[in-house]
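These features come from TrEMBL:
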type: DOMAIN; residues: 23-288; note: domain 'NADH:quinone oxidoreductase/Mrp antiporter transmembrane'
type: TRANSMEM; residues: 59-79; note: transmembrane segment
type: TRANSMEM; residues: 91-115; note: transmembrane segment
type: TRANSMEM; residues: 151-171; note: transmembrane segment
type: TRANSMEM; residues: 178-196; note: transmembrane segment
type: TRANSMEM; residues: 202-219; note: transmembrane segment
type: TRANSMEM; residues: 240-261; note: transmembrane segment
type: TRANSMEM; residues: 281-304; note: transmembrane segment
type: DOMAIN; residues: 290-342; note: domain 'NADH dehydrogenase subunit 2 C-terminal'
type: TRANSMEM; residues: 324-345; note: transmembrane segment
Amino acid sequence: MNPQAKLISTTSLLLGTSITISSNHWMTAWIGLEINTLAILPLISKTHHPRAIEASTKYFLTQATASTLLLFASMINAWFSGQWDITQLTHPMSCMLSTVAISIKLGLVPFHFWFPEVLQGSTMTTCLLLATIMKFPPITLFYLTSPSLNSTLLTSMAIASAALGGWMGLNQTQTRKVLAFSSIAHLGWMTIILNYDPNLTLITFYLYTVTTSAIFLILNTTNTLKLSTVMTTWTKIPPLTTIFMLTLLSLAGLPPLTGFLPKWLIIQELTKQELTATATAISLLSLLGLFFYLRLAYCATITLPPNFTNYMKQWQTNKPTNPLATIFTSLSIMLLPLSPMVLTIS
């Protein structure tokens, strides 16, 4: 891809995200989302592979549909209440339409179908952007409108996302699809607490972003796209593969790693709200995700490649380790002792 085009796309991406997360008016938020969509399309289709073109087409159609619904919801709300302020979402039809629109943009169940396919057709770097930065503006809109949203609808979508994200990730052999369904499952955790503690939703998103970024950067360094090639990573960089295993376990939410913190706080808050059945259900559904994280960790660190394969073993990777990978992996493993400070902030 042309360096100038890449620079323009990246700058537009940052600009669109900044406009949306800092806006109070529905129109400026919508403009920021549109800039984001147009900026990421060249990055998805830059390989000119048919799968990449298909992914960019699917992404454009779904995001255009979501943006249309969001604009329609804001216009209905302005028509009945005279308010364009994002926090003044009062009309029931506007609340429902905006929930659907933002859910499509995030990839929440039942609007998740586009997300695994788009990630599968993109490069690892673009997948990182789609799974982290591109979700920040819709999460911010959810945060701003959280008092007006229907808690029953959000809880149903959250439980369905956690269930489907864990269930569909079990039989995947492509690392990008595994991480796509992992993202859907984590969105369920973020959504289920949105009505009760929106700050906790943001904390969960930040920690998920750090951990997922570390995993994508490690996979990009070792150039592993399938589970079968994950087995060969131990012979390339053993220390990085060990850290990769710990980061996966952190994403699964096992103590004493960072990923345990948001799940612990969410379960605690749900119990305080007397939603014990909901907390129990989403905790049990997280075991599905734990299974495929453990399978990835097992393939990376314990399973050795068979001797009869017809490829040459690569004893070291050609790519240098990204410094960001070191920072993100450290944060994704060792942040749990800071939980009292997080509790104070939230």
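Just so you know, glycine gets a Cβ as well, placed from its N, Cα and C.
Heads up, TrEMBL stuff is auto-annotated, nobody curated it.
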Cβ-Cβ under 8 Å with the transmembrane segment (240-261): same-chain residues at least 6 beyond its ends:
182, 207-208, 210-212, 214-215, 218, 221-222, 233-234, 286, 289-290, 293-294, 296-297, 300-301, 321, 325, 329, 331-336, 339, 342
Taking the transmembrane segment (91-115) as reference, which of 59-79, 202-219, 281-304, 324-345 has the most Cβ pairs under 8 angstroms?
59-79
Long-range Cβ neighbours of the transmembrane segment (59-79) (under 8 Å; 6 or more residues past either end):
26-27, 30, 33-34, 37, 40-41, 44, 88-91, 93-95, 97-98, 100-102, 104-105, 111, 114, 118, 141
Top Cβ-contact partner of the transmembrane segment (202-219) among 151-171, 178-196, 281-304, 324-345 (pairs under 8 Å):
324-345
How does the model score the domain 'NADH dehydrogenase subunit 2 C-terminal' (290-342) in terms of mean pLDDT?
71
Short question: which residues 6 or more past the ends of the transmembrane segment (324-345) have a Cβ under 8 Å from it?
199, 203, 207, 210-211, 213-214, 217-218, 221, 240, 243-244, 246-247, 250-251, 255-261, 264-265
